[in-house]
Amino acid sequence: MFLVEKPCPQGWWGSPVCGPCNCETNRGFHKDCNKTTGECRCKENHYRPEGEDTCYPCECFSLGSESRTCDVITGQCPCKGGVIGRQCNRCDNPFAEVTPTGCEGMCI
């Protein structure tokens, strides 16, 4: 711990005394924490289910998802039209496939 007159550096929190964040990066947490509470937060493009002590990668399917960012608690990715699944990797129509524009029907 050390005394500072300005905000704590990355990886440290507190005021006026800074202490280490102690966030477990191997469990998906960002090495930096809340500067006021010391609470750890997930790395970018990760989510943390309620009651869990680990952050998991979003793993959004690039063709079916609007972005790589998912809901911070459920891990649900933002799906394109007709695309379903937490990772947006399936179509709601069993005869369609995921394409860059959403789900498109296949000719039979």
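Residue numbering: from 1, along the chain as shown.
In case you wondered, yes, glycine gets a Cβ from its N, Cα and C as well.
The feature disulfide bond is assigned by TrEMBL to Cys58-Cys70, Cys60-Cys77, Cys79-Cys88. Annotation comment: TrEMBL describes 58-105 as domain 'Laminin EGF-like'.
Shown on the structure are the features that TrEMBL records.
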residue: Cys58; record: disulfide bond; DSSP class: coil
residue: Cys70; record: disulfide bond; DSSP class: coil
residue: Cys77; record: disulfide bond; DSSP class: coil
residue: Cys88; record: disulfide bond; DSSP class: coil
Tertiary neighbours of Cys88 (disulfide bond) (same chain, Cβ under 8 Å, six or more apart): Cys60, Phe61, Gly64, Ser65, Cys77, Pro78, Cys79, Lys80, Val98
Largest tally of Cβ atoms lying within 10 Å of a Cβ, found at which of the disulfide-bonded residues Cys60, Cys70, Cys77, Cys79: Cys77
Around the Cβ of Cys58 (disulfide bond), the count of other Cβ atoms that are within 10 Å: 22
